[in-house]
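The structure appears right after this line, and notes come after that.
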Amino acid sequence: MTVVGCTKCIKFMLFFFNFVFWLAGGVILGVALWLRHDNQTSSLLMQQFEGQQAPSTFYISVYILIAVGAVMMFVGFLGCYGAIQESQCLLGTFFFMLICLFACEVAAGIWGFSNRDTISKEMINFYDAAYIKSVDVVDSPTKTAAIKVLEVFHETLDCCGKGDDSPLFVQVAGALCPKKTLEDALLKPSSCHLKLNDLFSEKLYLIGLAALVVAVIMIFEMIFTMVLCCGIRNATPVY
């Protein structure tokens, strides 16, 4: 039996929110793929020095986002279909999956907040390790590798040094830092530490904002799903 009155309005509102949820899943999936293949982050995180890969903590969070986006698109489709068909079974499954997604999102948010500075600190430590080797007075394969790593950092972030550079680094800065115009050369180069903090903080804020919007949508969906399920149950005749 088809629901009527306010319950019917709830049905179409749930369909609308599920459609938005499906679109949000697509947006999150697209943003995650963009973060994974972004030229700046990719060129930095693919670097190797002394047999060690650049820290990949950032990519772990991106892969989680890719999985979340794909699951959201599936759950959104399930919710849309369940609302149109007025199926208590589909809506119940949808509600259960929403609760699981919401719990995972809260857990991921807590983890992300507690480790919000970890990614930039790991990259700064990786940069500093190459920085120390690059100013070694003795030429060696390790020094050559360190200089190549620094060149990638400097070109990608348009920065040079740590901000409180040693005299040894200042002597070789002309070869390691991005080539500047005469006007830019008179200015103090930007610190790579600050650039790394800004780069990953900006992307983490973007992820946090997307998660907040999705959480609000999920809360409304859970409320509407419960109301619609109750309406369908009450509208079904009992023999």
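Count begins at 1; order follows the chain as displayed.
Just so you know, glycine gets a Cβ as well, placed from its N, Cα and C.
Feature list (source: TrEMBL):
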TRANSMEM  12-35  transmembrane segment
TRANSMEM  56-84  transmembrane segment
TRANSMEM  90-113  transmembrane segment
DISULFID  Cys159-Cys192  disulfide bond
DISULFID  Cys160-Cys177  disulfide bond
TRANSMEM  204-228  transmembrane segment
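A straight line from the CA of Cys177 (disulfide bond) to the CA of Cys159 (disulfide bond) spans 7 Å. The Cβ of Cys177 (disulfide bond) has 20 other Cβ atoms within 10 Å, all protein chains considered. Between the alpha carbons (Cα) of Cys160 (disulfide bond) and Cys192 (disulfide bond) lies a span of roughly 6 Å.
Under 8 Å, Cβ to Cβ, and six or more positions away along its own chain, Cys192 (disulfide bond) finds Tyr127, Phe153, His154, Leu157, Cys159, Cys160, Gly161, Lys162.
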